[in-house]
């Protein structure tokens, strides 16, 4: 092989090898190495085999080599200001200096730019800033911003990415508002939300104003930026402070266990009072400011679709997030009061639930009706054939039974005398019986998603850091005051409606059509968790359970879905009152709109032929701003319950369904049947919604509620037709008891 061939073969490695400092391996005297040395140290240069590359003139005794470049660490993409954004939309614009005034040390420049035949002027202490202001005015001409002059100044004209101050983060994300994109064609904006049928997440371009965007401005569409670290920006407190300087934030309260504190801060803006809660005061201030920005300046935060509240189809008297946070705070605060600020041994819990009642539009008037804890069911050997044991001690089930006690109390209050009728939540119905007074609503709070279908597919809180949507520079302002087309079933409240930018990565339910979705599930006896129902397990027998068969109890998701059809009043109370439904279901953690809405009502949307006044209730579904921390450790074997009017909590052994002394609970079937019998003796027969003569046996009294039983039958049929399984009922012997000894 000749020298030329060897040079060609080694040329590919020359760039790398020539970066070496050969001075380290050369003789110190500069003499030429021998053949042996050259063969070992040859770098493929032109000196031939066994020879080093000769030093070049001017090298000062050193081999000539290129310094290795350091690889730059990629930093955050710098934000695009209005000038850059306008140049991308309309390249080649000419800016003209109109005037320069003021003293030498403080000049004022005025620049102008012509866009689509319209001239926009901007002023500033430098030509650059004057051009920037002119570009901003040009952008505003075709992107409609309410309160643009104030808010754009406060935003500092930074690129923004989607963030969520309702997340479970202690520190604020750097930026607040979503950017805008120029769509290919003008489309009216819509509200983005989520329901069980169709999960809407805007992954395409959105028009930002009701007026059509000129075709000349709509081309070319701006590309979606890939994920990148968010640039520095301003949090809600900073923005609100620039819009309304000098605001004072007040500390209202502190609640919660030591590992899951919740602070409440307030601020008054333009005479309006706003509250915010968070795991620290800083976060609580931010959420109070966020509420003010939404209400007064119409500035709304983005949320990933699965975390957005899903509004009710009925009367909605409150702003969803405000209501959710208030209900959560009230239930947690009451539980703290009942357990000596969480220091009592019975404050230990896995799940906390409660029912809150509102009687108007002001959540300040909300009242806690019941509070409960618990995660376990009765052991089959402790079943009672006299209705003296609680079968299901899960917190949300106990809270609903506590609510029944309150309803009986309110009925008795109405039946006492005319003066007490005004204080009762009930009034006579023109259709017979009683109904709730106008604007009386009940809200169910659960510290985590209910067991069963709602929880099984959303076992973790979403990681919001990886679930942001990125759009082009600019600020997106959502003018929800104007009438905009909106898909049915999505957000109807402007304060919670948000536009989603392209690229939202947190998925909704990726596999909504899988067979496992929506299946009826049963709880595990004396344990936690649920399993799907078996096709042949719809009937349980008393002797079979006593001989060792597992006692099956339907999951909380399934029971709440049942309440959304037959009502929360149950069969006995339905003889007196019209169906009562929860107006909202609020989760303290593990909220996922798609899974929760499916579990609560979407999976039985095929239900039909319901009796009069019965319906498929679709309550408000929402998480809370400050998601509750996970409760670690083993679940306690006890359940706690309290109803308004009680002096103290009642502690029940979930395994036996009775208290530690073996006494029956005030929530057991026997106790509630006693309350029903007492009310039945006071209600005139013409006010009964279902006629029943000489009630004696608990089971027969329940069957007398004909319309309720018909609605329940339609519900069970809907589950079967949807292929979700058959409802598993308890052994009938449990209900074959009377109050007479």
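The backbone N, Cα and C atoms fix where each Cβ goes, glycine too.
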Among 141, 149, 589, residue that the record in Swiss-Prot marks as phosphoserine | 149
Kindly point out which candidate in 394, 443, 592, 595 is recorded by Swiss-Prot as part of the Zn(2+) site with 451, 556.
-> 394
Count of other CB atoms lying within 10 Å of the CB belonging to residue 396 (active site, proton donor) = 28
How do the residues of the region 'Interaction with substrate RNA' (83-88) split into helix, strand and coil according to DSSP?
-> 6 helix, 0 strand, 0 coil
Which residue counts does DSSP yield for the domain 'DRBM 2' (231-298) in the helix, strand and coil classes, in that order?
-> 24 helix, 22 strand, 22 coil
What average pLDDT does the predicted model assign to the domain 'DRBM 2' (231-298)?
-> 82
